[in-house]
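All remarks here apply to the structure that follows.
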């Protein structure tokens with residue numbers, strides 16, 4: 001009996017050491033290392049995460065949907081995703097004394113430890129890694145457009161592959177920034193740029209005016225083409241509202257107390273972000289389609305060739321913006337990689353680990369981007385396949401699983417409507433996008 005007290009004491013000591021060790025690891029990991037963000041950080045992080053490559057393809061999506069369905073889908077998506085964003089913000093601290101700092105932690109609480117991981121992590125990785133690949137392609141394309149506009153016909157034509165590699169080079173450096181708060185400057189610049197190039201896109205379009213023989217019929221001629229294009233456009237719209245995958249991770253950086261929970265400043269930031277999203281999206285979509293009809297390209301800046309200096313400037317703004325978007329989407333992935341390396345494989349946390357892990361990730365996404373840069377198709381495919389669940393209906397399923405609202409109540413109906421719309425989007429959008437990728441692949445030469 002005399003050994004009982006020392007044994008208990010030593011077990012308590014081991015637990016304290018373990019919890020101190022875990023706390024040290026949490027203080028090192030990107031998502032939980034810094035919790036002193038202000039509400040406006042959440043505003044520009046959310047704008048940077050959401051307004052990305054997608055906004056420039058919205059007039060093209062409109063040309064595949066037509067006026068009625070186009071306006072309906074855009075507006076409905078804005079409302080539904082704002083609602084699901086509110087749900088995410090509310091669920092971050094619904095268990096007193098605990099914060100769900102990562103999307104998969106909330107998934108585990110809703111669906112169980114194992115099932116939650118399997119439901120959330122694959123989708124979140126597809127979204128974030130897929131998003132980063134698309135951002136690399138967009139950055140490379142915009143750099144090439146900047147070069148071509150400035151040079152005209154006087155310069156040697158340079159392959160898109162090289163421009164993607166040039167764009168990717170800055171990420172090898174920026175990816176070493178440790179956490180969300182350390183990239184807040186990059187994110188702010190990106191948010192300002194998104195507002196600027198969106199304004200240039202619709203302002204220059206409005207100034208140019210409507211084409212003489214503008215045609216608002218959907219661009220496809222046969223019924224199957226019309227159907228597939230419609231499905232693909234749904235994916236483009238889904239991609240345009242894809243900030244939910246990082247919302248809990250952004251909220252994790254905001255300080256929280258029982259008197260002043262993090263949801264208050266976070267929601268304030270989200271509302272500001274969504275107002276900015278509306279200012280960016282709706283004028284670009286509607287004015288772009290009004291001016292060019294079904295002649296618009298899948299990037300509206302390509303349709304606008306003049307004035308040269310303004311188009312060059314807008315393309316450089318896109319480059320700066322997608323630099324920020326890449327980093328915002330990469331941070332939760334870095335967190336996952338580093339968590340596995342440190343907690344599961346027991347590598348010592350430090351600069352060397354971070355350097356190797358993050359450099360490998362940037363190199364991998366760059367390789368994929370230069371191998372398959374089908375911009376429009378990629379947007380729609382990733383948009384429907386993974387963005388729709390994580391943005392449109394997974395928060396609603398979690399809400400139903402956790403809060404269990406009364407059947408046929410307003411909350412119950414609202415969530416089920418969002419789930420049905422989201423599932424339809426998830427099924428239909430990749431079908432159209434896959435067809436577009438196949439058509440692009442027919443004429444595509446690797447590393448051209």
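Cβ from N, Cα, C; glycine included.
The domain 'Amino acid transporter transmembrane' annotation in TrEMBL covers 36-433.
If you look up TrEMBL, you'll see 39-61 (among others) marked as transmembrane segment.
Residues or ranges marked as transmembrane segment by TrEMBL: 67-86 (among others).
Residues annotated as transmembrane segment in TrEMBL: 271-292 (among others). Beyond its flanks by at least six residues, the transmembrane segment (271-292) meets 40, 42-44, 46-47, 50-51, 55-56, 58-59, 61-63, 67, 70-71, 74, 78, 82, 85, 191, 194-195, 198-199, 201-202, 205-206, 208-211, 214, 216, 240-241, 243, 300, 303 of its own chain at Cβ-Cβ distances under 8 Å.
As annotated by TrEMBL, transmembrane segment applies to 312-334 (among others).
According to TrEMBL, the transmembrane segment annotation covers 355-375 (among others). Here the transmembrane segment (355-375) has Cβ contacts under 8 Å with residues 53, 129, 132-134, 136-138, 140-141, 160-161, 164-165, 168, 171-172, 175-176, 298-299, 330, 333-334, 337-338, 341, 436-437, 440-441, 444, 446-447 of the same chain, all six or more residues outside its ends.
Within the same chain, residues 54, 77, 80-81, 84-85, 87-88, 91, 94, 103, 106-107, 109-111, 119-120, 123-124, 126-127, 130-131, 134, 231, 234-245, 411-412, 415-416, 418-419, 421-423, 425-434, 437 sit at least 6 positions outside the transmembrane segment (381-403) and bring their C-beta atoms closer than 8 Å to a C-beta of that stretch. Feature annotation from TrEMBL assigns transmembrane segment to 381-403 (among others).
According to TrEMBL, the transmembrane segment annotation covers 415-438 (among others).
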